[in-house]
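Below: the structure, in structure tokens.
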Amino acid sequence: MKIRTMKLRETHAAADDSVCSILWASDLGHIVTASSSDNAICIHDASAPSNAPKFLRNHREGVTALALSPNSTCLASGSLDHSVKLYKFPGGDFETNITRFTLPIRAVAFNKSGTILAAAGDDEGIKLVNTIDGTIARVLKGHKGSVTSLAFDPKSEYLTSLDSNGTVIYWELQSGSTLHVLKAIAPNNGTDVSVMNILAWSPDGELLAVPGLKNNVVLYDRDTAEKLFSLSGDHLQPICFLSWSPNGKYIATSGLDKQILIWDVDKKQDIERQKFSECITCMVWKPEGNALAVIDVKGKYGVWESVVPSTMKSPTEDIPGLYFKNSNGLLLFDEEEEPCASGNLSDLNEDSHDDFEPLRRKRSRKHSSYDDEMEDVNDELETVSKVETRKKAFYGHKENLSGRSGSRNMMVTAGTKMQEPFQPGATPAQPGKRHFLCYNMLGSITTMEHEGYSHIETDFHDTSSGPRVSAMTDYFGFTMASLNENGSVFANPCKGDKNMSTLMYRPFSSWANNSEWSMRFEGEEVRAIALGSGWVAAITNLNSLRIFTEGGLQRYILSLDGPAVTAAGYKDELAVVTHISPPLPTNEQILEFRVFNISHGSQPLRGLLPLTPGSNLTWFGFSEEGQLSSFDSKGILRVFTSQFGGTWLPLFSASKIKKSEENYWVAGLNASKLFCIVCKSPETFPQSTPKPVLTLLDLSFPLAASDLGADNLENEFMMNNMHLSRIQRSIEEREASGLDCTLLDDEAFTVETSLDRCILRLIASCCNSDKHVRATELVKLLSLEKSSRAAIKLVTALKQPNLAERFNNILEEKLLSDKKENIALPDSKSNCNGSVKPEVASTKFFTAEINRAAETAVASPVHIFPSTSNTRARNAEEPTKDKNGKSEESKTMTPGRTIDLKATGKGNANGVHNAGEATKATKVDQLSSSRPSNPFAKSSSHQGSSSLFDSLKKTKKTDIKGKV
């Protein structure tokens, strides 16, 4: 047999021997490499190796392990930095830190469906992680040394593991128990981390190959773990890596003797070999073809073509029945098996457009303890409904041991998976850099990991009023935080030997010592946290909402309807967002929001959360005024309003203003401004250093291009209407609670005044554009009588007599219909201060006010329109004075109904009389030269110029004192 040599291409420079990894994607177009001496993962173009690779630099230290999901759509990596990360493949987009250990990672492996990732290393224990939602399904313990290799049985019944002491353990996935422990059957590498023991299952799952103690490969039985035979040849030193060909007919082995041998398993002899200048630390067969990709301890890689002699069967011919090849040559599962949870199997349906159903990803059940039954894929396959043809989608369904059943949804691509949970205001961790755990309108919390622990700092935007908070050393590895005026709360994912997740509350000040507290959850992981007035909330992977008091008392535990997405708090209100179903085939997330009032123990709001099609939720919280708000990845801000029975209004669209090189990262909002940080593309989040600068953007509805050319006025009109609706809702709530509404009444009057000004300007624009119908619609929306008169004067000045006549008729109709409102007013809603019985107080108070106001106003007839804000006093018009100080309205009689204040002294309707049609509208609206040009401006004269509202307030105080 001729011994050949081949040159390798340098990709990871390493001065010392390193553990390197190599993968060949099933699409045949990409090769992935990594090295324990380099924190970068390289994705190479297999067809053009001279092209520069794509680098993924998300790890802080060297990468020790790689794994691809069976259909090559998800890449997993383990590192010396103790983390396991997931990426989209082949794009390389970082998805998540799926889990962390306290010591370096040595091995990662996907199960056949890609729904479970096994990870292990120098820590005691093998973690089985659900790749869909990141939950820890099980931790397997039994090894005494570092676990260097993991392999799932292709039939999904067993997991096998090998440690540095040479011990192999068979694990039963369903129960998590050990079936067989084979001690010291492989070389004992001790603490030498440059050499890794490896094991591998044959593609049909019948044989387990393990390096032997005699520079050979030993094969063990699937079920009994008995030694069947060995492959012994010309390796002069121990075998450090082995790899089965796709059809299971050949095994490639590399040894410390710097050579690779190719074995014919049936004949139990080596058929080919290749010499190298360095030891080969990893190899992988080409999924379709006769080639082997290799990488040595110095980080150099290459492809060995024509590995198997052409006279022998191809290494991809007659692949076992667990797999089949599609028209593109990709290895896929046969029709009785379940596709990878994150895979793309769209070619199965390429000829069946009529009966196509989207494949959807399976959602794993949550577990309350490690003793629960493990969701192994084999058990799922037994209950999956068989389909008659590959051209139809299949849906998994399995009965839970507790009797519950749930549909299991498989997904087509990584783009259609359910959105992962996130914490508003947090940014992803970056190696060696400080990042935000929380950033909101009050301040920020930042952290930076260093040598196994983190340094946390809390800063307030207003340093003059915010408390001084000392820095904190974090030994838990917190990944999320929430901040308000009273304190901060932190949480971390599961970690440590006991797989604990920790929740910690840290008050800024307290009358008692030792007021800081923490809670730990075994087998349960915190996904989102929120903070409010006197409460702390945490949502876990078991869909549990846990609510604690500020002192640490466990108050409530609620079960949510689906996996958590995020949460936010504001005073007594807690808002939670959850999934209620898998995404639609159009890649639309189906999310639900719920608002809980913690102090009342109620749920005032619940409904679907709207998102722009194809987007994810990127921020969720409350405005400074307490309005629930959301922001999605398409740049649309929505605010919840009570209008139309409760709905979401789009108040900002980034596409309307943003430049192509900018992205907006939201920090919060108030009634008129969006507070965000502008990030330069392709960055989507800010760096914590230097301190980012907040940008204020105006809130505006995404209006259509109007033929009126007054977009700003139309937007102002809609914004004022929205604010007025919010104030009305607040007034109603305070009235119902018997609380004082004076400040809200004043605010509502101010908004109504501003709204009327805006409407008048819109009417002027309509007149200039000959949009008379629209102008007529607008005048009907005016709140104040004075505004209606100003509108009549405006259109008269613009020489629109027809509009003036129409406006005058509308005013008459308002006054006529308003008579009933004013007569019924004494029996209307109660006084806001709640000090007197509502019905009695309303009648007596109003009658007394009118009597006293009549004397003050010198019997001036005043028109009162019904208030849209339910503020009785503010809607009374302020009489206009002439030069002599007399009431302007006492000199003119407006056509239609009027209220004579003198005549209403007895509080009945007799004071309402018909004035007749004495004058024309233009004559009616003649104003004194001393009247201010602004119809909303108040007279500067104090004598006799107080408004009806002021008079009512004064007489109310007098009346109440008299009763007391």
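Cβ from N, Cα, C; glycine included.
Unlike curated records, TrEMBL annotations are generated automatically.
Taken verbatim from TrEMBL:
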- 874-891: compositional bias 'Basic and acidic residues' (COMPBIAS)
- 951-964: compositional bias 'Basic and acidic residues' (COMPBIAS)
- 10-303: domain 'WDHD1 first WD40' (DOMAIN)
- 712-815: domain 'WDHD1/CFT4 helical bundle' (DOMAIN)
- 341-377: region 'Disordered' (REGION)
- 864-964: region 'Disordered' (REGION)
- 56-97: repeat 'WD' (REPEAT)
- 140-181: repeat 'WD' (REPEAT)
- 232-273: repeat 'WD' (REPEAT)
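Across the repeat 'WD' (140-181), DSSP assigns 0 helix, 22 strand, 20 coil.
Mapped onto DSSP classes, the repeat 'WD' (232-273) shows 0 helix, 23 strand, 19 coil.
Shown for the domain 'WDHD1/CFT4 helical bundle' (712-815): DSSP residue counts in helix, strand and coil, namely 88 helix, 0 strand, 16 coil. Taken together, the residues of the domain 'WDHD1 first WD40' (10-303) have an average pLDDT of 90. Residue counts for the repeat 'WD' (56-97) under DSSP, split into helix (H, G, I), strand (E, B) and coil, are 0 helix, 23 strand, 19 coil.
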